[in-house]
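Visitor: Okay, here's the structure, questions in a sec.
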Amino acid sequence: MSYPSKHLLAIEGLEPPHIADLLDLAESYALLNRSGKTQRDLLKGRTLINLFFEDSTRTRTSFELAGKRLGADVINMSVSTSSVNKGETLLDTASTLNAMQCDLLVIRHAQSGAPALLSQKVDAAVINAGDGTHEHPTQALLDALTIRRHKGSLQGLVVAICGDIAHSRVARSNIHLLTTMGSRVRVVGPPTLIPADAARLGVEVFHDMKAGLKDADVVMMLRLQRERMSGGLVPSAREFFRFYGLDAEKLALAKPDSIVMHPGPMNRGVEIDSAIADHPTRSVIGEQVEMGVACRMAVLDVLARRLPRNR
Ligand code: NCD
């Protein structure tokens, strides 16, 4: 296993073999999970703390499940954003967690860079579960695994990431991963929701949804992340759906065997039509959640191998 670091803070900086190895290991966990077998010894005696300063359904529960399936003691700490006194409180929290001798620390935080800061202050291996608008590396891994299972390889695929790119850490991590692995990435959305540095990230920018979806292999939809917007960057939800919502008519422009993805939580009727979200053959949204557990098991496994045996 070629993974280069003690932590998983970002996809940016990982090289193709690191990503491919993680995905191969995750695939083996996906098969193990489907067979109903568990591997409860790997993280036996290890403590995993889920430290969530922002809401989460899928990410927190799947880290919890992944940790438990590998035999770790898992503790969930949800900290309401309103009570967080930024920097100082975060570092105070870090020293508390350090005193508890936690081995693996999963953190979600509204501030970009919070997991990296924490990683300098604790002994535990730190996993970024989403920081501000920066990165959400395990989401990109689970998306890549889902794509690979349907398309065989990431190389040469046309992936259209649509909607609120500017505020999306999911988009950033996916852009880094997919471009590193040889996919052609398009970002599709209104100018107000495309980051100014998009072209620097090696993607093609489209403001017209139909042009952006033409012949795409993968269509990835994103939520309008209003909690991260300052001011109204979109007119009304109805207007947004008309131009940028994924419905059957727009999806017809993508390849006939293209798959539809969404990291959740979905706003049906805003960025995606219900009939497409629930489409029996095109939507892989449920499989993304399943692969989330497998990918998080792979990440915990790889990071745990680098931990000192006895702390
Ligand atoms: C995403 C997140 O939190 O960045 N959700 C997730 O982890 N599945 C996307 C979002 O909040 O829209």
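Placed from the backbone N, Cα and C atoms, the Cβ positions cover glycine too.
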Visitor: Going by TrEMBL, Arg58, Thr59, His136, Gln139, Gly264, Pro265 bind carbamoyl phosphate; tell me which of Arg34, Arg108, Arg238 is listed for that site too.
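Guide: It is Arg108, as the record lists it for that site.
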Visitor: Check the Cα-Cα distances from Arg223 (L-aspartate binding site) to the binding-site residues Arg58, Thr59, Gln139, Gly264 and tell me which is shortest.
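Guide: Its closest listed neighbour, by Cα, is Gly264.
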Visitor: When you measure from each Cβ to the nearest atom of ligand 1, which of the binding-site residues Arg58, Arg108, His136, Arg169, Gly264 fall under 6 angstroms?
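Guide: Only Arg58, His136, Arg169, Gly264 meet the Cβ criterion.
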Visitor: Where Arg58 (carbamoyl phosphate binding site) and Arg169 (L-aspartate binding site) are concerned, what is their Cα separation in Å, rounded?
Guide: 15
Visitor: Greatest CA-CA distance (Å) over the residues Arg58, Thr59, Arg108, His136, Gln139, Gly264, Pro265 that the record ties to carbamoyl phosphate?
Guide: 16
